[in-house]
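Annotated in TrEMBL:
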BINDING   B:Cys245, B:Cys250, B:Cys253, B:Cys261  [2Fe-2S] cluster binding site
DOMAIN    B:10-108  domain 'FAD-binding FR-type'
Amino acid sequence: MAAYIVYQEQLPGLLKLWARRYGVHVPVDTGNGLYDFSPWSENTVIAWDYDVTVNPLKRYLLPPREELITFDLTDYSAKGVFEAPRQLLFGVHPYDLNAIAQMDQLMEAGSPDRNYLNRRENTVIFAMEPMRVAENSFWPSMGGGRSDIGFDLFWTRIGPATFFVEVGSKTGEDLLMAGGELPSASAPQHDAARRQREKIRESSDLSSLNVPWEELPKILSKSWNSPIWRERSTMCLACGSCNLVCPTCYCFDIKEEVDESLKTGRRWREWDACMLPSFALVAGGHNFRSRAAERYRHRYFRKGKYIYDLIGELGCVGCGRCIKACTARIANPLAVYNQLSEEAAR
Amino acid sequence: MTPLKEFTPYAPRAATLVRKETLSDYVTLFEFNQDNGRPLAHKPGQFIQVSVYGVGEAPFSISSRPKAGSNSFEIAVRKIGAVTTALHNLEAGDKVGIRGPFGSSFPVQEFVGKDTIFVAGGLGYIPLRSLLRYQLRHRDEFGRIIVMIGCRSPEERIFINEIEDLAGRNDVEVLETVDCSNDSWTGNVGVITTLLPKVELDVENTYVAMVGPPIMYKFVIGSCVSDQCISPDRIYVSLERKMKCGLGKCGHCQINGISACVDGPVFRYTDIDLLKEAL
C-alpha cells in the first residue's frame, strides 16, 4: 500500500480543506487527564498523545439516540428516517478501529442495519498509531494492536513533526492530496514507522492476558459454573456504565413519542445495557437474567465467546474503558479472563 | 460516495382491526386485515411486531393458519402491559402498524405423514394454533393429532368453544388439565405432564410441538424423552423472549450466543439442549 510523508505544518491547511466537506472530529484533552473526540475548528488543540478517550467512537455510527421512523396516526403510515452526516474521524487508535470493523460485520450480517451502514458509508476514518498506552489498556494481548482494514489513512508519527501516512482507500488518498502532491515515504521511513509501532507495542506489554486470546472462547465454554461470576458481581451496581463505554456493545432499546399535534410521532432507538436488571425481562414478569451474576456472566460470554463464534474475533478489543468507568471496580476483562484461565489450568 | 440506501425494516405497515373476540377475562382474539391487501404470508410459529403508535410495539405470535389469497390474520393477546392494554381498547375499524412476519417456524413438511402431539401450557395454545389449524386444513396429510392443554385454573382456559369442537371430532384427540380445580371442573387436575401417560404413542412416528411458560419445558421434555422414549430431535419448542427489533440486532432476545427473533422462536430441542439459557 502506498505511503506518504506529511509534516505537521501542513496539517492546519489540510484540516481546513477537509472541514469544508466533512464534520471533522479529533481527540482533545478535556482536563483531569481525560480525553474525548470533539469537533475540530481552527482553534482546536489536537491531543496527539492521547491514551484513550472516555467515550467510545461508536456514537458516530450508532448514536446514543437515533430516530428510526416517523409515523402518522391518521392513516398509520410510517417512513424511515436516515441521518448520515459526512464525517471524518481523525486519530482513531487501532483498538477502536478493530471495534468499528467488528461492528461493521455485525451490522451487515443477516438483516443489514441501513441506519448504521449509511452512517458508516459517509464516515472517513484516519487511524493513528498511539503514542502512549493507557494505564488500563491491554489491547496488544487481545489482538487489537494492529488493524489492517477499516481505515482510509493510517498515521504514524516518526519524527517530532513528521508523519508516515499509509493509504487505506482511494478516498483517503484523495483527501491526503487535497492540498497538493506529497512525497512518497522512503524505505528508511517505512522502517521508522515499523520501529515506532514495535516500540509502542513493547511499552504496552505490561498488562497482558496470560493465555493467547484465541484460547478464551474455549476457556469460557468450561466456565459457565465458575464461582467468579458470583464473587465479582456481588458489588455490581447494575449501572450499565461498562456497556455504555464499551466500543463493541451495541444493544439498544426502541422507544417512541407522539407530537403535540397528536397526529404524528417518531420512534427511535437508544443505547441499552445488558447489565441493567430489566434487560431480559419479558411479559408476565419472568426475567431470564434476573441476578447480577447472570448478567455479569452474559457480558463476559458475549465479549469472549458469542461474538467470536459469529465472526472469529473477540468482542473485547482491550481498550480498558470499562475498567475505568466501573465505580464498583469489578469490570475488568483482563482480570476476569486471567482468573478463568488459571481456573481452567488447575 | 455511494448513494444512501433507504429501505428500513423498522417501518410498520398498516393493518385494520376487523374482529375482536373475548377468549377469557384477560385474553382477546384480534383479527386484522393488512391494508395493502396482501396475505401476511407467515409460516406456523412465526411472530409479528404490532404497533399502537404513541404507546409502543410488542411481539405477538400469529395464531391463524397461513391463508393464501387472504389478507386476514389473527393474534390473541393477554392484557398485561401498555401495548396489550392499548390493543384491548381498539374497536373494529381501528388501525395498528405491523412488521414481519419474523423468525423460524415449525417444519410443517417434516410433520407430514407423522403423528403430532401439541403441548400447550397456558397461552401456549396461541402460537400452536397456527400449526394446528394448518394440519386440520390439510387433515389427510397428517397422522394422529393429539392436543394437550394445561392451564392454571378453569377460568384461564382460552378458545373454549374451539377446543370443545376439536374434542368432538373423531380425528383429533384432546386432553385438558388444570393445575388448580374448582367446582365447575370435572376434568383432569394436575400439571401438564400428567396427560402424557394417558395416550399410547407410536413413538417412532411422533413429533412434539410445544409452547408454554419457561418452567414447563424441562418437565415435559423430560417426560417425553425418558418416559415416552420420543427422540429429542423430534421435539420442537417455541421460546418467548423480549424481541425488540426482530432483526437479531438489539440484543434483548439473546439466548446465550443466538437470537430468539431470527434463530427462533421455534427451535428443534436438539439444537438448543446445550444452551444454558434456553429452557
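We number each residue from 1, going along the chain as drawn.
Backbone N, Cα and C atoms are what each Cβ position is placed from, and that goes for glycine too.
TrEMBL annotations: computationally assigned, not manually curated.
Everything TrEMBL records as a feature, shown here on the structure.
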| residue | record | DSSP (3 states) |
| --- | --- | --- |
| B:Cys245 | [2Fe-2S] cluster binding site | coil |
| B:Cys250 | [2Fe-2S] cluster binding site | coil |
| B:Cys261 | [2Fe-2S] cluster binding site | coil |
Least surrounded among the binding-site residues, given as B:Cys250, B:Cys253, when other CB atoms within 10 Å are counted: B:Cys250
8 Å Cβ shell about B:Cys245, B:Cys250, B:Cys253, B:Cys261 centroid, [2Fe-2S] cluster site members excluded: B:Arg241, B:Lys242, B:Met243, B:Lys244, B:Gly246, B:Leu247, B:Gly248, B:Lys249, B:Gly251, B:His252, B:Ser259, B:Ala260, B:Val262
Cβ neighbours within the same chain of B:Cys245 ([2Fe-2S] cluster binding site) - under 8 Å, at least six residues apart: B:Tyr10, B:His252, B:Cys261
Cβ-Cβ neighbours of B:Cys261 ([2Fe-2S] cluster binding site) (radius 10 Å): 28
Tally of DSSP helical, extended and coil residues in the domain 'FAD-binding FR-type' (B:10-108): 8 helix, 45 strand, 46 coil
